Amino acid sequence: MQWASILLLAGLCSLSWAQYEEDSHWWFQFLRNQQSTYDDPYDPYPYEPYEPYPYGGEEGPAYAYGSPPQPEPRDCPQECDCPPNFPTAMYCDNRNLKYLPFVPSRMKYVYFQNNQISSIQEGVFDNATGLLWIALHGNQITSDKVGKKVFSKLRHLERLYLDHNNLTRIPSPLPRSLRELHLDHNQISRVPNNALEGLENLTALYLHHNEIQEVGSSMKGLRSLILLDLSYNHLRKVPDGLPSALEQLYLEHNNVFSVPDSYFRGSPKLLYVRLSHNSLTNNGLASNTFNSSSLLELDLSYNQLQKIPPVSTNLENLYLQGNRINEFSISSFCTVVDVMNFSKLQVLRLDGNEIKRSAMPADAPLCLRLASLIEI
């Protein structure tokens, strides 16, 4: 059966039997000769928020079309721009501001990014409770100068940008309406279990590039969370339980050394997991840790693995470069190898390990028949 399968595959690849006898690793060489590129399917770091009301030029949008600019409403703070064409947006970014100006009640989108603001005083948004979007990234805000209830009255707030500041803890309480919370590039060291309480509508949480050592069970109540980014922190263990709706998990550049058995079972929609640049060893991984049928991409590069961990046959991209792997076990990809059972893996990176091309077993072409790139 094995020889028949090899003959069939060789015919599909336009390779002769003579070629196979001459080089038992013809299949590996064939893949290396194919033109393949690695495209990151998702960029998890959108540092600058998309502005729904584009305001280009000092004279405003109307000026670009040849019509004279309309006068700004009288309630607009003199430090800011309030384009008449977009009456619910207020632009106060890049003005060297050291304080938050008055916000008119009609505003829904306010931009205070890239200033020298160090505090968010209590009641500063009480006049504009209909706010949907607040951008405060790129300032000098510290946790001790954030009003305790400064966001509590904003019952419609959906996006809050507080990244690139000097925060040491997550502001609380936050409105239930919040969908995106950007707290990356701060100095947050821990996430208490109740820090994110009530945020049942939150879909994206960015906490990368902080000093977080533990998060406990703070993520369990985030039932709508799709994206969680905790990369570039000081975590030694993964969060205690993941939200059931989670699709993207980023934990690279931490100090994680183990992942519990069936850890991802409670997140049946999980597609992308990145755990590169940690301290993972095979002793810290159970046999079913990554055997999740929903996973499409798994990045375990630059750890301390010596063996390829078992993965689901549905996995499409597996990155294991920069480990200490010294053997190629086909059972990590296919528990049964035949014509009807095979892996959907398309990209496999094993470069920078202790494994050689000759370590690939003879039945690898049958199991990994869909692979377009294998690097050793």
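From the backbone N, Cα and C atoms, a Cβ is placed for every residue, glycine too.
Keep in mind the model is a prediction, meaning the values are calculated, not measured.
TYR55 is the residue among TYR42, TYR55 that Swiss-Prot labels sulfotyrosine. Residue counts for the repeat 'LRR 2' (130-151) under DSSP, helix first, then strand, then coil, are 3 helix, 5 strand, 14 coil.
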